[in-house]
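One structure is given here, and the rest of the page talks about it.
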Amino acid sequence: MTSGDLWRMSDECGEYALSPLPWYPGNLAWHLNLSRKQLRKNPAVESFHEFLKHESEVGNVTRQEAVSMVPPLFLNVQAGHHILDMCAAPGSKTFQLLEMIHQSKEPGLLPTALVIANDLKVQRCDVLIHNTKRMCTANLIVTNHEAQSFPSCSLAKDDSEAYKDHCKPQRLEFDRVLCDVPCSGDGTLRKSHDLWRKWSSSMGNEFHLLQVNIAMRGIALLKVGGRMVYSTCSMNPVENEAVVAELLRRSGSSVELLDVSTELRELVRRPGLGTWKVNDRGSWFQTHEDVPDSRKNVILPSMFPSSTSIHESHKVYNSFDVNSEYNVPFSRNFNIEDTNNVNCDTGGISSSNSAQSLDSKFPLHRCMRIVPHDQDGGAFFIAVIHKLSPLNENQVIKVRKTENLLSKNRTVKLQEQCQHRIVSEVLDDNKLLDEQTKLSVANQTSKDDNLTEVKMASDVEYSQTESGDRSRRMDKLDYQHKWKGIDPVLFFKDEAVIKNIVSFFGIEESFSLEGHLVTRSTDNARRIYYVSKAVQDILELNIQVGEQIKIASLGVKMFERHRSKDGCSCAYRLSYEGLSLLFPYMRKRILHASPVDFQHLLQYRTINFARFADARFGEEAASMMPGCCVVVLREGYQIADSIASDPSPIAIVCWRGKATMNVLVSPADRKELLEYRFGIKAFKVEDEKSNKNIDALAEESL
C-alpha cells in the first residue's frame, strides 16, 4: 500500500481514511473510515482492499469491529496468566489475547501464559482454528464444549489439596476469563441490516438463562483474585445488567463488580442501568409479579432489577421454554403509550415516570454501555468481575441444581439457535473468509509440478486433522478414544526419532523437545506439534482425569514426515509455521543466501544449484546432504555467526533435492516476504518461470 492509495481513499471519504483509535494502547488499532461497499466496489481503493485481504491471511492484520476489541483490554492480562475464552469463535478476541501474552514475554523465550479458546459448534471451531493458526503459537488450546459445562479437571478434593503441588496443577483454573456470550446482537444493527427484519424487543429473554449459566461457570473456573469480563453486543438490559445482577446475587460475597472507569480514559462509555422493564409479546413489566401466570415460566424473576431470591427463580427454570421466536418480524407499529415507558440509556437513571419503578440493589452503574452514536461505531456492554473468595458449597449446589433442571436437549437446541443469530464481531467479508479458507486448504494440498524431487506427506491442516468430518476417520482407528470424531492428543515419546531430529538439525539442549511434542496420529505420526510448558501441564492433567477436555487443536506444527527418496537421514522435515520458534536454537542445516538468490527462491520456488547468482551459495547447497534445510537472507556481507545469533532473521524452509533447492513455503507467505523485503508487488502463485528468466534476472541484479 502506497501513500498515493491513502490519498485516493481520503479523497473518496472526505477526510483521512485511516486513523488510530485513541483508546487502544500503543496505536495498535486503526479505524478505517470506509463502508463495506466502498471497500469492495470502489476502484480507487482496490489495491488497499487486496492489501487488507492478504495481510489478514498471513496474520499481520486482523479486521474487526472496533468496539468488539474492548473486552480483552479490561482483562488486564499479565505474564504467566492462564486465560479462558469461553465462547471464542470466530477468534478475533482470541487473537488479541494471544498477542497480549506474546508481548509480555521475555525476548527469545516462549510465554509462560496460555489461552484456551472454546466454542460449542465444531464448524465454528474450524473457523476459530483457521483464524488463530496465523499466530503460529505453542500456547493455545482450542476446545469444543458447551461453555456452561466446561470441565474443571479436578484431581483435588478441596482447595487445600489443589495447592499442595505447586509444580503441577491439580485443578483447571484460570487467572482471566473472557465471557463474551451469545446474544440477540441488537448492538450490531448499524452494520447488520438483515437483523432489522428478525429482531424483536423480547428476543433477549431467550438468551438470559443461557448467559447466566455460562457466566456462572466462568466464575467457578476463575481463580481467587482473578478477573472475568462479561460482555455482549446487545443493549437489552435483560441480557446485560440483569445477568450481572444475577451473578452477584448467586455468588454473594465471593465476587465484586469492579469500577474500571479510570481505565482506557479515551474510551467513551456510559454507566450501566439501575432499573429497567422487561418486554414480553408487546407488554412491558416492572416486576415478576406483574407477569401473567401463563408466562411466568418464560419471564424469569432474575430478569428484573427487583429480584432478590435465587430460590424464586429456581422454581421456574425446570419449565423454561426455549422455543425461538426468531422469525417474528420487527414491527414499527408500537403503541405510543408503551414507547413512552421504555427505559432509555440516561446515565443509569430510568426515564420511566412510574412511581413503582424499583432499582437494583447492586452497583450496576459500574458496568459499561458503549453506544453507537457516541463514537460512530457499534454497541457493546461490558462488566468486569473480580473473584474475592471461592464459591461456598451452597452456591455451588444451587448452580448445579439450576444446570440439572435445564435439560441438555433444550440447552443444545437454544445454543444451536444462538449460532444462527450471533452476529460476528469481525468486520469481515464473508466471501473473503470463504476465499481464505479455500486458499489455505489449497495452499496445503496443491501439488507443485516443479517440486518433482520431493514427495511430501499431505499438508492438509485442520480440514483433515483438527476439524472436518472426523467421525468417518475415527471409525478406522483401532485406538479407543473418549471423544468420538476427535483425534486423540498423544505425547510423542519415540526417543530414537527425537534424537535423530535433534542431531540432524543441531537443536540446542536449551530448547527441550522432551515432553513438548504431541501428535494427533495413533501410529506413524505424520505431524508433530510443539506445545509450551503451560499447555504440557494441562495435557498431563487432562490425561490424569480421564481426558475430560475435548481438544480440537493445540500447539504449533513443528515437524512433518516426508516420503522423499533422496537419501535423507531424518524422517521429518521442518514446518514453516514452527520455524520462528525453533530457528534461534538450530545450529545445522542452515544456508545463507544473497538478496538476489533469496528473492529468486521466493519467486520461482525451485532453482537448480548451477543457476544461483552466487556461485558459492550454489556450491554450499550442492555439498549439503539431501533433506530439509533453512535458507536465511544474508544482509550485505555479515558473517554467518552474527546472522545465526539474530533471534528474528528472515528465513524460509527449503528442501535440498538431488540437483535443486525447493522452497517449502505457501504462496501467500512467499508473496508477503517478497512485498515486505523486496517491494515486488506483481507475484503469481504459479511457478511458471523458466531457468532462462532466472538467469536474466540474476544478471540484471549483478
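Heads up, residue numbers simply count up from 1 along the chain you see.
Cβ from N, Cα, C; glycine included.
Annotation comment: TrEMBL describes Cys233 as active site, nucleophile.
The Cβ neighbour count for Ala89 (S-adenosyl-L-methionine binding site), using a 10 Å radius and every protein chain shown, is 26. Per TrEMBL, the feature S-adenosyl-L-methionine binding site maps to Cys87, Ala88, Ala89, Pro90, Gly91, Ser92, Lys93, Asp119, Asp180.
Positions annotated as domain 'SAM-dependent MTase RsmB/NOP-type' by TrEMBL: 1-388.
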Count of other CB atoms lying within 10 Å of the CB belonging to Gly91 (S-adenosyl-L-methionine binding site): 27
All-chain count of other Cβ atoms within 10 Å of Asp180 (S-adenosyl-L-methionine binding site): 22
Nearest of the binding-site residues (Cys87, Ala89, Gly91, Lys93, Asp180) to Cys233 (active site, nucleophile), judged by Cα-Cα distance: Asp180
Recorded positions: Cys87, Cys233 - member with fewest neighbouring CB atoms within 10 Å: Cys87
Surrounding CB atoms that lie within 10 Å of the CB of Lys93 (S-adenosyl-L-methionine binding site), all protein chains: 27
Cys87, Ala88, Ala89, Pro90, Gly91, Ser92, Lys93, Asp119, Asp180 excluded, remaining Cβ within 8 Å of their centroid (S-adenosyl-L-methionine): Asp85, Thr94, Ala117, Arg124, Leu128
Across the domain 'SAM-dependent MTase RsmB/NOP-type' (1-388), average pLDDT on the 0 to 100 scale: 81
Maximal Cα-Cα distance (Å) across residues annotated as binding S-adenosyl-L-methionine, namely Cys87, Ala88, Ala89, Pro90, Gly91, Ser92, Lys93, Asp119, Asp180: 13
